Amino acid sequence: MPSRSPACRPRGRNRRSAADAVARPLALALILVSTLPRAAHSQDLALPPVQPRGVRRTMTCDNIPEPFGTRSRGASRLPGFEVTCGPNREAMLSIGGDAYMIDFVSVSGSYVVVFAEPITQVCYDGKGKPTPDTGTGAKSSEGTTTTFTWSLEGTPFTFSKSNKLVNFGCNRTLMANFFIVPGDSSPLYTSCTTTCNTLQISGSCLGEACCEAPMDQVNGAKAFSLSFERTTANGTGEEDGTCSAAFFLDKDETVFTFSGDEVRPLKTALLPPGERRMVLDWAIGSTSCEQTQSYTFEKLCKYGTCVDAPTGAGYLCKCPSGYDGNPYVSDGCQDINECRNYNSNNCTYQNLCNNTLGGYTCSCPENNIGDGYRTGTGCNTTLATPVSPSQQPQGINVCDHPEKNPCTYIKYCIDLEGVVSCACPEGMSGDGRKNGRGCCFSCQKHFPLDTVLGVSLVLMVTTTTAASCYCWAVKKRELGRKRAELFRKNGGLLLQQRFSTITSQGEDQYSSKIFSAEELKAATDNYSESRILGRGGQGTVYKGILPDQTVVAIKKSKVFDESQVEQFVNEIAILSQIDHPNVVKLLGCCLETQVPLLVYEFISNGTLFQHIHNRNATRPLTWEDCLRIAAETADALAYLHSASSIPIIHRDIKSSNILLDGNFVAKIADFGASRSVPFDQTHITTLIQGTIGYLDPEYFQSSQLTEKSDVYSFGVVLAELLTRQKPISAARPEDSCNLAMHLVVLFNKGRLLQEIEPHILAEAGEDQCYAVAELSVRCLNVKGEERPAMVVVASVLQELRRSFTIDQAVGIKDESIQENSEQEEKHLHESRSIPSLQSSEVSTQCSMEAKMSSFC
């Protein structure tokens, strides 16, 4: 019995009383079991293994039974029964070119349970358009009708009537024909139709978005064809994330992951495709035992007997009567001990059942008469005792002589030619004998030992199960209450209200989803270390896979300020409406955890920081990439500052917060430090937050956050792209460990070229490099009001992109780089025409940056 942990103990007097009510019978059961006679052998207590198909087992290549086999074990002796091994040694069965994981093989029942993909499955995207069919059925179309077929011809398998055909989706009709022989003119037909009134579904499959087509009449079918059509064209059920599917399912399995008392959205209702099991019957060959040559099945069934397959074609090997096991292997058939189980034998007294090889015998207690079998004469409690000739003189009736009479009551004695029977009067029980139990009105009833053991085990299992269920129910209720409290505390009700407002205003295409804690726990494999994408100052980011196979990034923050709940909810609602190609899309959040979780779209190609500073990258960034990434980032920031519904200041712009997708398109991420600015304000006052090296010195001094703080941080990113150096580096001299300050000083001295990455300078040319450097210096101005707006920065970068594209088109190439002294002299002259920072401004910036330079 599992120990009762403190976590599952109910709180309060009433709950403790309920727990005691469960625990007392359990204690009594344990006492009863501990007092049983120790003479009972452990093997007599063993219960036969019960393996319902509804419990997942998954066969491995090491325990797959004959007639199935692998090449490493000499393979199977029969065609079609060979299996292969998966990555984790799971047994895989090949049928028609597809591999199916084997869950269970029944030798005695001649069936195999496999995990099967849907016959057809179509899901819908955010615009209600169907995605490509992911089913395994062979597809063909004629007019408006689409047919899916599947044939098991040439294999030892047939479709089992232990399955059901499931039709899932809105307003769908499923019609299927099963053929005993492919092309049969009299197929077996089954069908069902679904309707839809809402996008919610209960745990039942009775026609509302789900129906089951029975297969009870399908026996021995080798092929089938299926049509799966819409019955209406109203579009219900074609919303983002919903699916329509038709699939086989073991009729012992449930269609859904929840009970019939719950109601859930359609998109989360189905079992995952890899969890659906179907049953296939199997048989050897296609002829009966009589039609098969005797030496063939004598060779295959030499450890058992041949019987015709119940599916109609082929034959099977069975163990002889009284034996059970695997008749396809040597010593596979083992004698059944019928005496262990009351239902396996026919004895009146179970303790007088004697097991024999291939059978058993029954007997009666001493001095009872009968054959001992329940369906025979049984055992008569009226005892028959033969009397020896010495006790019964010739012609004398023993019952007439009290000294010779063995019965308690003389008148209930019967002497039949020397055989004396004793009985008890009506209403009394016993054997009626003087030297036996006699006769009494309330004789103690003696139960056989196995009956006592059985009752004790049942009592113990029942009470243990009851206690476990009660504990589980208490834990589930406590967990639900805690999650509801966290949901309320984290602003869940307020956020639901905001999302409802957005939807009512016709902006639902931008609204996000509120995920449950269980959904995200499953998506991240319980927040496995292997799913971590990165760690930062704000928290940890995990890779998650939702039930519809959408890959997402889930951010788990370190801390959460409960006093800022309303502001957090407002910002979530705002971010959920941001629709810009260069901003990572917020898909939703979870408020049922101690710290809220944010769910973003997954960007696969890492961060700009990794691509800039990884010298061994397989595809280094070109100057064209750098210009485009910078322009895209600037355009996204300009959108956040001015074009979104409420201006948003990111507050932590840096190269590691700029993600790149597979085409190196920039995406701004990590809005954990972001703040929205009311339209009637130019700044907000807040605690200092950001990353050293990117942090605006003016914001650092005044705590006043403005849009120009993002401009400064973006200027540092431009400096990174030019120099390929990190914002803070101990490798540089102490007075220039800050890249921003270092770049400004070099620019004003006309010595910028010595810090620009050589291959960037060669590819971009001096004019482009100086133009970007000038823009970076303007962004790094110590006075925020003199920095350009992000709209201006984005415009300049777009113009530089066009200029670079034109230069490449006409084949203009930069001249060879001259001697460093000539370069410096030339650009010192050019820099006089470029507005530079005054020496006082540089000094001010240096003093501000000096406070942060200690971080070097």
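The chain as shown is numbered from 1 upward.
Including glycine, each Cβ sits where the backbone N, Cα and C put it.
Residues or ranges marked as active site, proton acceptor in Swiss-Prot: Asp652. Secondary structure at Asp652 (active site, proton acceptor), as computed by DSSP, is coil. Asp652 (active site, proton acceptor): 24 other CB atoms within 10 A of its CB, across all protein chains.
Residues or ranges marked as ATP binding site by Swiss-Prot: Leu533, Gly534, Arg535, Gly536, Gly537, Gln538, Gly539, Thr540, Val541, Lys555. Less than 8 angstroms from the CB of Leu533 (ATP binding site) sit Val541, Tyr542, Lys543, Ala553, each of them six or more residues away in the same chain.
Positions annotated as compositional bias 'Basic and acidic residues' by Swiss-Prot: 823-832.
Positions annotated as N-linked glycosylation site by Swiss-Prot, on the basis of sequence analysis: Asn171 (among others). DSSP assigns Asn171 (N-linked glycosylation site) to coil, not to a helix or a strand.
Positions annotated as N-linked glycosylation site by Swiss-Prot: Asn234 (among others).
According to its DSSP assignment, Asn346 (N-linked glycosylation site) is coil. Summarising the annotation, Swiss-Prot assigns N-linked glycosylation site to Asn346 (among others).
Cβ environment of Asn354 (N-linked glycosylation site): Cys339, Tyr360, Thr361, Cys362, Ser363 lie under 8 Å away, each six or more residues apart in the same chain. In this structure, Asn354 (N-linked glycosylation site) is part of a beta strand by DSSP. Feature annotation from Swiss-Prot assigns N-linked glycosylation site to Asn354 (among others); the stated evidence is sequence analysis.
The N-linked glycosylation site annotation in Swiss-Prot covers Asn380 (among others). Using a 10 Å Cβ-Cβ cutoff, Asn380 (N-linked glycosylation site) registers 14 neighbours. A strand conformation is recorded for Asn380 (N-linked glycosylation site) in the three-state DSSP classification.
Looking at Gly539 (ATP binding site) and Asp652 (active site, proton acceptor), their Cα atoms lie 14 Å from each other.
With all protein chains in the displayed structure included, the most crowded Cβ environment within 10 Å among the glycosylation sites Asn171, Asn346 is that of Asn171. Sequence-distant neighbours of Arg535 (ATP binding site): residues of the same chain at least 6 apart with a C-beta under 8 Å from its C-beta are Val541. Taking Asn171, Asn346, Asp652 as the recorded positions under consideration, the smallest Cα distance to Asn380 (N-linked glycosylation site) is found for Asn346.
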